[in-house]
Amino acid sequence: GSMKPVIVVHGGAGRIFKEREEGCRAGVVRAALRGYRILKQGGSAVDAVEEAVRSMEDDPHFNAGCGSVLNEKGEVEMDAIIMDGKNLDSGAVSAVKCIANPIKLARLVMEKTKHMLLTDHGAYLFAQAMGIPEIPGEKLITERSRERWKKNLEPDSNPEEFQKDLGTVGAVAIDSEGNVACATSTGGLSNKLIGRVGDTACIGSGGYADNHSGATSTTGHGESIMKVVLARLILYHMERGMSPEVAADTSLDYMKTRVGGLGGVIVVSKAGEWAARFSTKQMSWATVKDDNLHYGIYAGEEHIKSVDEALASEREGL
């Protein structure tokens, strides 16, 4: 292929507590480097976004996979989606429990079934049929998630307050063949109702990928994102000629003024231009293009390192 590969990842929009910043930064950087390595070796955008998201699902700093927040009953229920921009194939799972990597299951839904979304018990049966190991639910629960869940149960607590620092993880990429893909995964909202599914598993809201325009993955207040079909809205603006950055800002602005929702997005265009934008206080993000790594958490913050330098400090454990 003749396209220069690009990957962009996010680790969730919201408020990131000081003591967690370093871990979030390191986690998105690691995910971006892993995805980029696949692209550099000629791998597909779909492989790259799945690998990047899997890396963040395994990192307890993020609200996805291990480290997911708990629902009202104190359990982990996760949602994930993956989409291939070549043919608009997509796979998603919602309200899944007891598996380490929902994104892997979403990809199997895309590739091994004629369906696009499997939920709860059905997703569980499908995971069994595919030989995905079941893990005890407690394995996914961190001390921090349990603490927060308890706090939210107190009579004077306001779970809404806590939901500000939560997010989702996601990745978008374009490979050397010019194919784009997106992947998004989350544990959802803290103390949510049992069976609540947010934007992540919904095509066009939690993510969308189309070779004709680009790919995007979203994070933020799920119900607001669903109301404006945020991922697809951004690509619509790009189809009308906006740059990824302007399309992202315009769409986030619309979501804020129309429904009062905050969030963040990552975007890559079919030409390999990228953007990472958010209307929340923070969003951890990282991107690799032209062998340079860019990353940040605060608005206006952007660090740039060569990939070689980044990999060297990765090996020293940052």
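The backbone N, Cα and C atoms fix where each Cβ goes, and this holds for glycine too.
Where the annotation comes from TrEMBL, it is an automatic prediction and has not been curated.
According to TrEMBL, the feature active site, nucleophile maps to THR168. The substrate binding site annotation in TrEMBL covers ARG196, VAL197, GLY198, ASP199, THR219, GLY220, HIS221, GLY222.
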Check the Cα-Cα distances from THR168 (active site, nucleophile) to the binding-site residues ARG196, GLY198, ASP199, GLY220 and tell me which is shortest.
GLY220
Tertiary neighbours of GLY220 (substrate binding site) (same chain, Cβ under 8 Å, six or more apart):
ALA13, GLY14, GLY167, THR168, GLY261, LEU262, GLY263, GLY264, PHE278, SER279, THR280
Which of the listed binding-site residues (ARG196, HIS221) has the least company, meaning the fewest other Cβ atoms within 10 Å of its Cβ?
ARG196
What count of other C-beta atoms do you get within 10 angstroms of the C-beta of THR219 (substrate binding site), across all chains shown?
33
Which one of these recorded positions, THR168, GLY198, ASP199, GLY222, has the sparsest Cβ neighbourhood, judged by other Cβ atoms within 10 angstroms?
GLY198
For a quick check of packing: other C-beta atoms within 10 Å of the C-beta of VAL197 (substrate binding site), how many?
21
For substrate: widest Cα to Cα gap among ARG196, VAL197, GLY198, ASP199, THR219, GLY220, HIS221, GLY222 in Å:
16
